[in-house]
Amino acid sequence: MDPKHLFIICLLLLVLQYTSGLEAEKIPNHSQGQAYPLVVATWPFKDAVRAAWRSVHEKGSSAVDAVIDGCFACEELRCDGTVGPGGSPDENGETTLDALIMNGTTMEVGAVAGMRFVKDGIKAAKLVMDHTEHTLLVGEMASVFAISMGLPGPTNLNSSESIEIWTNWKRNQCQPNFRKNVFPEDSCGPYHLRDKKLNSCREDEGKLKLHSNLVDRHNHDTISMAVIDKWGRIAVGTSTNGATFKIPGRVGDGPIAGSSAYADDEVGTCGATGDGDVMMRFLPCYQVVESMRQGMEPQRAASDAILRIARKFPSFVGAVVAVNRNGVHAGACHGWTFQYSVMNSTLDDVEIITVVP
């Protein structure tokens, strides 16, 4: 072969190899060991996971749209009474909503917190992401924005069940509640600062209540759902009506990026549920993703994030589920037995994974 021709062929091969390398840098390698699309969600919310699966697998939706479809289904079903309207009344008997959506490709986030009068939390969060430069809108003005963008409202978010729960709580002198270091302790208020001069240290210690007593499986369920679509893109979302009998105005971890959820196409994703007032102080999902970025496997990353919280708050209850970019998933929990749901093309139906403390 003519040396000139051989040189040209070699040069072309080098160019092809270089351009292929550039494409490989743009698209993360998700090919090792796990089939996807993939849907993972906290708790055995099977119908919500099926809705997301139909969206991402059958319709070919993006990861973001599949998360919206799955969380919206949970809101419509009022999963466990802790997602969507009609549950978890606050001290005034009102139900409000928190929700978040995060795009792991663009790192965009949209969220609403303490939203009143609008029942579609996850759709409102997506409107924030798609149509504002903001990340989080709160309270009644979040409702005004959502309605102005086309969501139905104003809507009464209470239900006969939530009103009954609240009425029984009032009859029980508003016990338990989230107040501390106030008086009166054993009634519905109005509350005032306690005069510590009138109480000895010993008396104060005897009256302290464990925060964990206010948190259990049926009043702190957040759906946190992650999806990897057929292109390997990752998104995560959350929806919740918050803690039962919360002080009006309280915002939990649900709409806080890095706490209840976090996603990055280059690494993976995480969802959390539990005592949001404690967990949000540690940003456990951001911690999980960053640990996986440093090379930790999902199981170790999840356990490490939970242990960081437990060392400071031994009585807290909560859980995280970690998913790396290849779809390998694992959960960790503290203070309760946790379950999460998984669906991918290797399964005939949603699989429930049980995680023990």
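Yeah, the Cβs are placed from backbone N, Cα and C, and that goes for glycine too.
Please treat TrEMBL annotations as automatic predictions, because they have not gone through curation.
Features reported for this protein in TrEMBL:
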- 1-21: signal peptide (SIGNAL)
- Thr222: active site, nucleophile (ACT_SITE)
- Arg250, Val251, Gly252, Asp253, Thr273, Gly274, Asp275, Gly276: substrate binding site (BINDING)
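The binding-site residues close to the residue listed as 'active site, nucleophile', defined as a CA atom within 10 A of its CA, are Asp253, Thr273, Gly274 out of Arg250, Asp253, Thr273, Gly274. Per-site Cβ counts within 10 Å over the binding-site residues Asp253, Asp275 peak at Asp253.
Working note on the binding-site residues Gly252, Gly274, Gly276: by count of other C-beta atoms within 10 Å of each C-beta, Gly274 ranks first.
Long-range Cβ proximity for Val251 (substrate binding site), meaning a same-chain Cβ under 8 A and a gap of 6 or more residues, is found for Asp98, Ala113, Gly114, Val138, Gly242. The record assigns Arg250, Val251, Gly252, Asp253, Thr273, Gly274, Asp275, Gly276 to the substrate binding site, and the maximum Cα to Cα distance across that set is 16 Å.
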